[in-house]
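Enquirer: The following block contains the structure, expressed as structure tokens.
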Amino acid sequence: MKFPGSVLVSLVLFVAETAAALCLSGAYRAAGDRMWQWLTLLFALLPCALVQLSLVFIHRDVSRDRPLVLLLHLLQLGPLVRCVEVFYIYFHAGRVEEPYVSITKKRQMPKDGYSEEVEKEVGQAEGKLCTHRSAFSRASVIQAFLGSAPQLTLQLYICVLQQEITAARSVFMVLSLLSIVYGALRCNILAIKIKYDDYDVSVKPAAYLCIFMWRSFEIATRVVVLVLFSSVLQIWTLPVVLVNFFVFFFYPWILFWQSKSPFPENIEKALSRVGTTIVLCLLTFLYAGINMFCWSAVQVKLSDPDLINKSQNWYRLAVYYMLRFIENAFLLLMWYIYKTDIYLYVCAPLLVLQLLIGYCMAVLFMLVFYQFCHPCKKLFSSSITEGLLSCFKFLCFVCKPPKSTSMTDKAELKSSENADESQSSNKTIDSQNGNPHQSVSSNA
């Protein structure tokens, strides 16, 4: 039985970030910055409430008689209770013989083209730990992209405006960045386990390192670009954010309406149609929040029973990173044109170059992960390099002018030249032979 380290990391980041947010909001209140105080509290308490809601929903606490647990969730202490429960189950596992076990069948990674199916006995304790790990993973994703990401952007924006980085604010920003990167890492692992649920997936340390570096470069550069742009063009910040958010929010719903699939009813039996709609809206809300800052490894598909698209689409991945790179470059260009006096001692071209290189480094680590470190790379129908090459060939084919029009133009030009040559040759023949009508008239 694995040690529940992911649960402990999630709890530590959750508690540390919440405590740092409360301390920093108190500092803003003492300094008289009411607006920064309320925004810091909002970005700290809103994800806390959503985390409690997700833990209650996954463990089905509403339908069970557990009033104390529900009360602790209302007091925002749900993760602490869950962590205590996890370690109680872990340390007491094996001491008492379990009345029954369940048997799961998992296929191993194929070797030499063959894949063996292995049966494994899973006891009640291990099943409960698996449920807790899954719940904390989803809670970490919610905490990262609905709380830590806006919080990091806000605090960095305050640092730029005030031209000062305090110790408390720097510690808080480091915690927020770690929380976002960890949430993105858990999102990648969840995507792999959901897509390849039939296989026994084991993630190696090299894969964790590649994901960590990939997400660190991607999220850090994205946050800095948004802060730089919003510091010089405050009016246009809200349209940029809303366009990004609504595009990713409505994209799964548009695909669902185009597929003409029936409304999903198998999410939770106790939920009504309205409750199911609210859950789906919250899911797409989280999906949009993730894609605002980085590539979401999990693709929402409302027409699928698991609500997840399990196919590997390299084209969508390539289009996302190309468009995001163009957007980041455009926002940096706007910042460079309209930068104010607060950036007087900043080498703007060097900063722009560093941010673009940082984003390219994120893409490089992503390619290394999918090409060499992905735990299920043997199951890919095509490698990521082949997929990207075919995508680039398709884009080059679209950008090139069609050859059919040029060939028809050449054919028409040649036919007209041939017609002119035939007409000129007929005239020369007539001039050599003479006109028969003229000869007949002269004889008469």
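Positions of Cβ are set from backbone N, Cα and C atoms, glycine also.
Copied straight from TrEMBL:
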type	residues	note
COMPBIAS	421-444	compositional bias 'Polar residues'
REGION	404-444	region 'Disordered'
SIGNAL	1-20	signal peptide
TRANSMEM	35-58	transmembrane segment
TRANSMEM	167-185	transmembrane segment
TRANSMEM	235-256	transmembrane segment
TRANSMEM	277-298	transmembrane segment
TRANSMEM	318-338	transmembrane segment
TRANSMEM	350-372	transmembrane segment
Enquirer: For the transmembrane segment (277-298), find every same-chain residue at least 6 residues outside the stretch whose CB is under 8 Å from a CB in it, and list them.
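Expert: For the transmembrane segment (277-298), the far contacts come to 50, 57, 141-142, 145-146, 149, 180, 184, 187-188, 190-192, 194, 215, 218-219, 222-223, 241, 244-250, 252-253, 264, 267-268, 271, 307-308, 317, 320-321, 324, 366.
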Enquirer: By Cβ distance under 8 Å, which residues at least 6 away from the ends of the signal peptide (1-20) in the same chain are close to it?
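Expert: Residues packing against the signal peptide (1-20) from afar: 44, 48, 51, 79-80, 82-83, 86-87, 90, 93-94, 125-126, 129, 132-133, 136-137, 139-140, 143, 147-148, 151, 168, 171-172, 175-176, 178-179, 182, 186.
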Enquirer: Which residues, given as numbers and ranges, are at least 6 beyond the ends of the transmembrane segment (350-372) yet have a Cβ under 8 Å from it?
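Expert: That would be 206-207, 210-211, 213-218, 220-222, 224-225, 295, 321, 324-325, 328-329, 332, 336, 383-385, 388.
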